[in-house]
Amino acid sequence: MTSVRLTGTKYGCGGGGCGACTVMVSHYRPATKTITHYSANACLLPLCQLHGAAVTTVEGVGSTRTRIHPVQERIAKAHGSQCGFCSPGMVMSVYTLLRNRPQPAMDDITHALQGNLCRCTGYRPIIDGCRTFCQEADCCQANGAGDCCLNGEETLEETQHPELFDKREFLPLDPTQELIFPPELILRAETAPPQTLTFRGERMMWVSPTSLEELVQLKARNPEAPLVIGNTNIGPDIKFKGILHPLIISPTRVLDLFEVTQTLMPFCRVWVGAGCSLTEVCSLLEKLLPQFPEEKTEVFRALSQQLGKVGSLQIRNVASLGGNIMIAYPNSDLNPVLAAGNCKVSVISNGGRREVPLNQDFFVSFGKTILKPEEIVVSVFIPFSRKGELVRAYRQAPRKESSFCTVTSGMRVFFSQGSSVVQDLSIYYGGMGPTTVSATQTCTAIVTRPWDDETLQRAYDVLLDELVLPPSAPGGKVEFRRSLTLSFLFKFNLEVLQKLREMNVITEELLETMQIQPLPREIQPGLQVFQHVPKDQRDQDPVGRPIMHRSAISQATGEAVYCDDIPRTDGELFLALVTSSRAHAKITGLDVSQALRLPGVVDVITAKDVPGQKVRKMFGYEEVLLAEAEVSCVGQMICAVVADTRAHAKRGAAAVKIGYEDLPEPLFTVEEASEKSSFFEPRRMIEKGNVAFGSVMMIVSTGEFRMGGQEHFYMETQSMLVVPVGEETEFNAYVSTQWPTGTQDAIAEALGIPSNRVTCHVKRIGGAFGGKVVKTATLACITAVAAWKTNCAVRCVLERGEDMLISGARHPVLGKYKVGFMNDGRIMAADMQYYTNAGNTVDESPLVVDKILLHIDNAYNIPNLRGRGAACRTNLPSNTAFRGFGVPQSIMVLENMLNDVAMVLGRPIREINMYQGPSVTHYGLEFSPENLWRCWDQCKEKSDYAARRRAADRFNQDNCWKKRGLAIVPIKYGIAFAESFLNQAAALVHVYKDGSVLVSHGGTEMGQGLHTKMQQVASRELGIPPSKIYISETSTNTVPNTCPSAASYGTDANGMAVRNACQTLYQRLEPIRQKNPKGSWESWVKAAFLDKISLSATGFYRGPDLYMDWDKMAGRPYAYFTFGACFCEVELDCLTGDYRAVRTDIVMDIGRSVNPSMDIGQIEGAFLQGLGLYTLEELKFSPSGLLYTRGPSQYKIPAVCDVPLRFNVYLLPDSHNPHAIYSSKGIGEPSLFLGSSVFFAIKDAVAAARSESGLVGPFPLDSPATPERACLACASPFTQKIPASTPGSFKPWALNI
């Protein structure tokens, strides 16, 4: 859309997995004279396929120039837009829903948003804003007022606290004001004769026939040409795997493929057109369900249930039923159900029509079916069920929605009237091999036998022997997948027994404890409680008020400009990187000749082209910009191709040939690195007291805890544009970076020019979380070298997979500990060793290790404490800063140690070990834990911890296969940089003659609301409304020598600098005000100009003098601490490991909030990111060091389905902080660790499950606590049946990082 300057639709992943590119597609149906609207991912939607369709982007919904649509208004004013990169997609998903259903239910809202990812907000404000469209929105619950007024249980607090937004101010939705479908398209659809469409591209031809006969002939002549309807499979293959299809056939206008035929005589049957979208099929089945007796619709119900979980709504809206079958994915959701339900397909070719059953013979190998290449699936037969027949579908996936299955299953059983003897049985599984597989032997073991416990016990053993996976099977999770096959059969068993009882075939009641209900899923309104501003505060003073993000409206309308939205300049080139495919090797050759011959390719940039420094130096280590002689990880950058378009650059990069000579013994794990003493120095140690374990009164325990890494998954990938000015080697760099000065310096060094010739501009960043500092500067250097060499503007925007491969992640950590404690729970001594996997370059790893050791106490006063930390040098991509900067790993190991001690003693021990009274940390920093205790006590009170503990215990007694778990954890987080020079900040404030104010400061806006807060600071200090204050960008030519926006210190430092500048200006105007005390701001400014008073001022904040002396193991590395506590309750399905966070209560001490809406948004967003870190997100590497998880289809971040069902946030009242602006506190990072409460709640639930098997005491559960780990840890009878593979006897599919 860039050619028509419609840049609102964002490119987030390119594979339909994030929803940032969501648009609305509308079609006119001449046969019914109706218009259909559906949401779709623009990144997968072929333009050729949209002939006759109307496409609405976010710009067509509303804008600041015309009118803002109610959807855009709600997402903005309900504070649902932080970095804003996902906001246009969110808007379009909800807008499309409202076009189809103007009064939706909450289920409809969450359903519509299931394919839209957000890394900033935690989703709660988005849901709350959209909730106001629901019919139930008039209920007091809708705006977060807590318990419903209808039940008479409102509390005083719930009715009197200020609200983050007032829904009464929102524009009402008026469906009559929406855009109409273009009349010319209606006219064309009704009058124009059908005509074959042919589109020819550079390497590909697209043909869209209009009749089935023409389609058959085309396919006969071109049997290898794929048929494309939804493009959800072929599209990603072309884009990411480089597969070329010279011809693509699109049968979207062949009406025969979309017909639905329903007959009642002589048999009830339904034939569904193979071209029907999954959404259409689901809608059809839901309409049929109430029309027939329940016994007739078993297949329909199972299929409908499974259809609602295939991909996202955007995917289901375009993906076809026939395509889903023919892709033949081994972990397909639908194929096991279709096969078990005795469905079949009708196919056609030149040889005529035939019907082919969907059974074990249909799927022959990975992605292959029994059909001939020229055969076309026309329709799918879905049978009605018979009396005495039961059909069920089961699935387990890494994330509850929008996720490929780990294992899926379809099962069907048939009993004759009045009998429990099985007449017929079908059991199919997906995810248990290269194809959908039939458990034929298991079925044989059951058929003709009564359905009872004896038969099923025998069947479990047969199934275990029948479905065997080798320990190195692709996809891994072998023990888990095998256990799921048994668990699904057991769940089916329970449902069959219930059915037999309803049929009066058996009389025994199914024990209540054995019944399995679905996990709860209804999201309830939560509470967001903060303090009123003081009564004497001026109405015009915005500080302390929940002000909307200053760019939220522009972000929701798509008008906000991100790096890649900057218009193309004449002659601009695009850069694509060439990276290493080996983890540890010498480069023996680099052949770029083939790439240079390709159309559009201009040049190839290598290390030889760098005019200045070819390396970047950090902590005494050197990192090459482009590898020349040797590579040390898969994904290391070797060269870059510049071309006239993105597509040409990518083709050129793929054509570069690199020769390698592998070097011996690459190191991937911290164990391997430790064995070879491969570390980045310095290694650190800190100690207080006398760490000894010889006391006879002391109980001593040892353990270890492994924690995986985490991908930043900022919605906007690494993006930059470097433009040569054209004279005196001057360059403008537009970069999505947290540290403009760092990028400026790096570019100047690489080009060998002074820093004053490079200006770095940052308008806004589409998310960063620490991942846009070091690697961004390296990428900008390479882009700048290309711009220098070609003398053209060069743009580099990484694909999601490239970004994940190259840019690094959070450090994986192995923690080992030895702990001594007393019978009453007091910990007397602890010795802790941390090994971080730093990757192949040093990056910021030594600083991460420092911060890990500075937080090993968290909230606990351990009298004798030792911590050691090492950054292990491995042959994985270099890991880097990530929100929390080592603290989430540090405290997690500590809390797991405490959890193990508590399990040994059988009692909670956190409170007895927490700091009390005037306290001193293990590095000698004095502080008061008073607010820590206030947060802890209020969290217990607000969550009603004691009552919920009792309720959970009762629930666990009453439920055998579901358990509830509770946890409450504290946080003490040090704020500011221990490296004192990084705490400084500067600002520049201009007042123009009309009274408008322009503020510039050194911080970057990346969604945290920094610019909004700076606007609030300037408003208070100058005494003018925020509407008069503007912040354009962060630029090194206005504010030089900036420090990174990081460490939760952006508001503290930059706020003081802006305040300093504004106070200077205010003081300058004092004589003018005294002369005219009743004058307006504008009159004072004009008078000052005429009096030749400078209306421009710089501001500077030196920051606190912080330090850490590692030799003395003492210092003051932090300005103050942010405290908090979090309660979480989860419900766990012990058979699958799936869980749901039922409730979360967070109490945070953030002093006096500058902006409660921003701060609560940061707390919620960080919490959900922590939830992802500790329970969901897994980075998987191959045995050769290649990152498997390179996109949202393989790497799962939290989605709407992961939001706690009741999510309450309370800001601690009456808290003050003399060390930061307006008594506030930094909040960006601290609450991320609170996501661990979900982990420990899961562990609590697992412990309850284990106790029923007689297993008590500590047990290992590494992070993340994925469904796989949780399920296996539960040690159910089914997981215990799975024989464990002997480590070392096989090559695992993935490394255990």
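Residue positions begin at 1 at the first shown residue.
From the backbone N, Cα and C atoms, a Cβ is placed for every residue, glycine too.
Automated prediction, rather than curation, is the source of TrEMBL annotations.
Here is what TrEMBL records for this protein:
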type: DOMAIN; residues: 1-61; note: domain '2Fe-2S ferredoxin-type'
type: BINDING; residues: C13, C18, C21, C43; note: [2Fe-2S] cluster 1 binding site
type: BINDING; residues: C83, C86, C118, C120; note: [2Fe-2S] cluster 2 binding site
type: DOMAIN; residues: 199-387; note: domain 'FAD-binding PCMH-type'
type: BINDING; residues: 227-234, 320-324, D333, R395; note: FAD binding site
type: BINDING; residues: Q738, F769, R883, A1047; note: Mo-molybdopterin binding site
type: BINDING; residues: F885; note: substrate binding site
type: ACT_SITE; residues: E1229; note: active site, proton acceptor
CB within-chain contacts under 8 A for C21 ([2Fe-2S] cluster 1 binding site), separation at least 6: T9, K10, Y11, G12, N41, A42, C43, G89
Integer Å distance between the CA atoms belonging to Q738 (Mo-molybdopterin binding site) and C86 ([2Fe-2S] cluster 2 binding site): 19
Candidate nearest F769 (Mo-molybdopterin binding site) in space, where candidates are the binding-site residues C120, N231, R395 and distance is Cα-Cα: C120
Those recorded positions, out of C18, N233, G322, N324, E1229, that come within 10 angstroms of R883 (Mo-molybdopterin binding site) at the Cα: E1229
Fewest other Cβ within 10 angstroms of its own Cβ, chosen from the binding-site residues N231, N233, S320, N324: N233
Counts by DSSP class (helix H/G/I, strand E/B, coil) across the domain '2Fe-2S ferredoxin-type' (1-61): 14 helix, 19 strand, 28 coil
Nonlocal residues around C18 ([2Fe-2S] cluster 1 binding site), in sequence order (Cβ under 8 Å, 6 or more apart): G12, C86, G89, N116, L117, M715, R800, P1192
Shortest C-alpha distance to G322 (FAD binding site) - which of the recorded positions C13, C118, A1047, E1229: C13
Shortest C-alpha distance to R395 (FAD binding site) - which of the binding-site residues C83, C120, Q738: C120
Cβ neighbours within the same chain of the residue listed as 'active site, proton acceptor' - under 8 Å, at least six residues apart: R883, G884, F885, V887, Y973, A1047, S1048, A1166
8 Å Cβ shell about Q738, F769, R883, A1047 centroid, Mo-molybdopterin site members excluded: A768, G770, G771, V773, A881, F882, F885, P1044, S1045, A1046, G1228, E1229
Whole-number Å value for how far C83 ([2Fe-2S] cluster 2 binding site) lies from Q738 (Mo-molybdopterin binding site) (Cα to Cα): 13
C-alpha spacing of C118 ([2Fe-2S] cluster 2 binding site) relative to N233 (FAD binding site), in angstrom: 24
Extra residues within 8 Å (Cβ to Cβ centroid of C13, C18, C21, C43), [2Fe-2S] cluster 1: K10, Y11, G12, G14, G15, G16, G17, G19, A20, N41, A42, G89, R800, P1192
